Amino acid sequence: MAVLKMPRFKKYHLRLMITCFSTLLLMTYWEKIDNCVVTHVMSFSYRYLFNSFKFINSSFIVNPEDAIKYNHRYLINHQTKCDNKDILLLLFVKSSSENFERRQAIRSTWGNETYIESTLGVTVKVLFALGLHPIPEERGKLKEDLMFEDQKYRDLIQQDFIDTFHNLTLKLLLQLGWKETYCHHAQFLMSADDDVFVHTPNLILYLQGFGQSNTRDLWIGGVHRGSPPNRDKESKYYVSRDLYPWLSYPDYTPGSGYVLSRDVVSRIYQASLTINASFHIDDVFLGICAKMMDVSPTDHAFFSGEGKAPHHHCIYSLMMTSHGHVSDIHEMWRHARNAEDVLISSGLFRRLYCTAVKVRLLCVPFFSNSYPCKAAFFEEDT
């Protein structure tokens, strides 16, 4: 009998060891599991079941006296940049003082105002939004370089806040305030990072499709819905529960690239004057301001927030933005201007071919792509 009971005892012992090991493993990695899985489930539930963000009106309001501290002095400004112009798009590029080569690359490629006006037939104004270098010694060295650069190109807008990740909301306020004050008549505002490639031919064609000057309620980009606050203290995106105790952010578009119509800029700017700008994640801050004004973003499959677009003419023909481009920006611009890479000819075979290519490039399981899988089925007139 004892011989018969031994295997049963070993099986029980094995189950106990597996249970203990699993429990220990769960306890060890619970914070990561919580951040990656549980918080997303909770935030999505909050977003889609409750969808209540009434707290914004009470918790984020600041009085005018406190709001003044977020107004910063212009060190470099061009008040007449938009004078006497019928401007389709004001395009602000968020840059850092030391990123001269990135600005040069943009000026000679997708941000070339002369090319856009002569070839695409519209007026677009491109400006670079800057703060102060965080290191005082470097700040002094860069001051003269920036003055020389601006004398040549006349496209820098700088305020006297320290240019760090945790002050990106101040850079957003710079863009909104400058648009409202000096370029109110521009039909659209775009904000982009200086490592983003903007396919200006596609973007201009897309914006022209909305008509002349009466477009309203437009906020377009790659929309994040039901995103949870990051509670990992080691992350630069960390937000404490004291600062933001709720389970989900309002809908927002990544700061790497999005477009707002003139009326939306005005409404969000007015909201920003009454909301606590110490919230340092600029794209979420934009979403909070927009929610307060009852403005919702529209998702566009080819606005990239996460990474580089795959190289293929079936992608270039629909691309709006692609993130993470510095060394290859000239190659991207060559493709953007190449009619073979830009135009999808009519015909069922070509459409089927490009759909198959996009499925292969964008719908890879367990792989983070620049565009979502649904972009594979995106059409030009969508």
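Including glycine, each Cβ sits where the backbone N, Cα and C put it.
Annotated in Swiss-Prot:
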| type | residues | note |
| --- | --- | --- |
| TOPO_DOM | 1-13 | topological domain 'Cytoplasmic' |
| TRANSMEM | 14-30 | transmembrane segment |
| TOPO_DOM | 31-382 | topological domain 'Lumenal' |
| CARBOHYD | ASN57 | N-linked glycosylation site |
| CARBOHYD | ASN112 | N-linked glycosylation site |
| CARBOHYD | ASN167 | N-linked glycosylation site |
| CARBOHYD | ASN276 | N-linked glycosylation site |
Round to a whole number and give the Cα-to-Cα distance in Å for the pair ASN167 (N-linked glycosylation site) and ASN276 (N-linked glycosylation site). 13
Cα distance, ASN112 (N-linked glycosylation site) to ASN276 (N-linked glycosylation site), nearest Å? 36
Could you check the glycosylation sites ASN112, ASN167, ASN276 and say which one's CB has the most other CB atoms within 10 Å? ASN167
Using DSSP, would you call ASN112 (N-linked glycosylation site) helix, strand or coil? coil
Looking only at DSSP and grouping its letters into three states, which state does ASN276 (N-linked glycosylation site) belong to? coil
Arithmetic mean of per-residue pLDDT over the topological domain 'Lumenal' (31-382): 87
